[in-house]
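Trainee: This is the structure I have questions about; it appears just below.
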Amino acid sequence: MTRKILVTSALPYANGSIHLGHMVEHIQTDVWVRFQKLRGNECHYCCADDTHGTPVMLAAQKQGIAPEDMIAKVREEHLADFTGFFIGYDNYYSTHSPENKQFSQDIYRALKANGKIESRVIEQLFDPEKQMFLPDRFVKGECPKCHAQDQYGDNCEVCGTTYSPTELINPYSAVSGAKPELRESEHFFFKLGECADFLKAWTSGNNPHDGKPHLQAEALNKMKEWLGEGEETTLSDWDISRDAPYFGFEIPDAPGKYFYVWLDAPVGYMASFKNLCDRIGVDFDEYFKAGSQTEMYHFIGKDILYFHALFWPAMLHFSGHRAPTGVYAHGFLTVDGQKMSKSRGTFITAKSYLEQGLNPEWMRYYIAAKLNSKIEDIDLNLQDFISRVNSDLVGKYVNIAARASGFIAKRFEGRLKDVADSALLAKLAAESDTIAEQYENREYARALRDIMALADAVNEYVDANKPWELAKQEGQDERLHEVCSELINAFTMLTAYLAPVLPQTAANAAKFLNLEAITWANTRETLGKHAINKYKHLMQRVEQKQVDDLIEANKQSIAAAAAPAAEESKYEKVAEQASFDDFMKIDMRVAKVLNCEAVEGSTKLLKFDLDFGFEQRIIFSGIAASYLNPAELNGRMVIAVANFAPRKMAKFGVSEGMILSAATADGKLKLLDVDAGAQPGDKVG
């Protein structure tokens, strides 16, 4: 039976260029969508620009244009970049749309009627010059822990500590430079804590389509930490409102109050799909009504799991809609082992890649060849990129057609021999279900390894049968025709297998093969006595100069990525040189982790219950991003500063020491290992 599927990628924010980090997700999604369509399923792929919020408003003001004009321009740029990489959206829309406004307000009203919205008076920092309340990231100051300057209002990028904006020393507005004031304001909260029972059931449940989990195992473990165990929950209610001035949608019956961008952003999935449905005549309600039998999948980055696996399903369910079938998260992209960061400009833009004339299918293949169903970071190693593309796509795949097509054209009038009984083709066809399952399960790396293994088998067949020698031998025309026909059929099968990853090459190959289009059926079927067209070269090799030119075009961002500690070093120089006596004041001890857990209300902190041998202590550490499953640290030995002055960690409690960790090249913090035999309380030094 034909499946009905809605698929989305996370919405790019309308405040900058698309970089290759974005492309990881959109390539991952596009490959899956193209596979579904090749299989004959009704699959709709929708996305949009995420256009609301203070950053967009301020960026437009800085440019001296209306926010509406700025986001329209950015959307055109984003769509051009994605289209250049053959991302085949059925609709690429904007969250600043009439559909999104209507859906956002309807969902809010439904949640309010369901008792899930509550108003509260809160205190916030206010910019007296700009007459606006300041989001955390628009307050800067001195870190209260390490005293690094110019740190954001929610966490320190030097030492990793999280805090509230009011804890900053000498805070100032990043908008005007003014000293902010603490003022009261009425805000609206989505009572997420009351949704815990539903969320515990949904996050740990399986979808009715095929019985697979709604979430990946790593994501489920993280949700369990946030949701708590048993009847208790650690979920905090969610502030869904912002004060004017703000670029977004005004909350019904609340003048001067606007929906926080993270409320209307996921609703943008609905809006984009509704816009598509109205254009092509699809029943929108069939996909979003409660109890819908259709499928809905969201492909996202691991950094926005909290919103998509908790807020979004709860918003949908308690407003009378269906919840997602699956939420699939991926890791981040690094370049030559270094972290990419949009906020710091350390990224290779999609536009620069295209402008340098590099084939986008090279990057599609390379990224797909590293993706699997787990939440793992992937690295773009530029030398490996060159060698893998040249070896796999040019050396193994397209050369098959190049080596056989000339003989078919010159010796057999462009017509193939019927080779339905070929053992080689039977071998390729036998892998159809396995490779289909790998695509379905997002195990692209495994699928492409298997496809390249088949390509190796075809090339071994070429070398064993040597069509160039058969062409020179008397009485071998029949055998030459047979061998070359097998090779063209094998090339067709490989093209069908690769079509989700290489859509443009597949389309060009279809023209050469004289086929209307490549479908998944081509992985099993032979072409018979089929006439083909003259072969045109399908793919060039990657040249070192092309990659060198790409690096040159992005040299400032690449240089920043290659020296991530440069900015931090200025803070290190502030400290005076330590003497031996100074060092001896630091009492470092071995401690055993009795229990480690996530901290409610913080995406940075982990809470450690530690046994120092002589006593037990609680220490908070800002390493949550490095350990998605904190429970795996239970029983581990760590090194901690035992005489570090206790420090109050905002609303989370008192930290009674400091755990030592190492900052890796990709920006993560990793706990230091303790050699076997060390016991809790042992002194380090």
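Using N, Cα and C of the backbone, Cβ positions are placed for all residues, glycine too.
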Trainee: Could you tell me which of the ranges 12-22, 320-330, 518-528, 595-605 is annotated in Swiss-Prot as motif ''HIGH' region'?
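Mentor: Comparing 12-22, 320-330, 518-528, 595-605 with Swiss-Prot, motif ''HIGH' region' matches 12-22.
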Trainee: If Swiss-Prot is the reference, give me the range from 334-338, 339-343, 664-668 marked as motif ''KMSKS' region'.
Mentor: 339-343
Trainee: Only counting partners 6 or more residues apart, tell me which same-chain residues put their Cβ under 8 Å from the Cβ of Cys143 (Zn(2+) binding site).
Mentor: Gln149, Gln151, Cys156, Val158, Cys159, Thr161, Tyr163, Leu168, Ile169
Trainee: In the domain 'tRNA-binding' (582-685), how many residues does DSSP assign to helix, to strand and to coil?
Mentor: 10 helix, 42 strand, 52 coil
Trainee: Using the Cβ centroid of Cys143, Cys146, Cys156, Cys159 as the reference point for the Zn(2+) site, which residues of the same chain not in that list have Cβ within 8 Å?
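Mentor: Near the Zn(2+) site, beyond Cys143, Cys146, Cys156, Cys159, sit Pro144, Lys145, His147, Ala148, Gln151, Glu157, Val158, Gly160, Thr161.
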Trainee: Could you tally the C-beta atoms, other than its own, that fall within 10 angstroms of the C-beta of Cys146 (Zn(2+) binding site)?
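Mentor: The answer is 16 other Cβ atoms.
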Trainee: Using CB atoms and a 10 A radius, I'd like the single residue among the binding-site residues Cys156, Cys159 with the highest neighbour count.
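Mentor: Result for the most crowded candidate: Cys156.
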Trainee: Looking only at the motif ''HIGH' region' (12-22), how are its residues distributed among DSSP helix, strand and coil?
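Mentor: Summed over the motif ''HIGH' region' (12-22), the classes give 3 helix, 2 strand, 6 coil.
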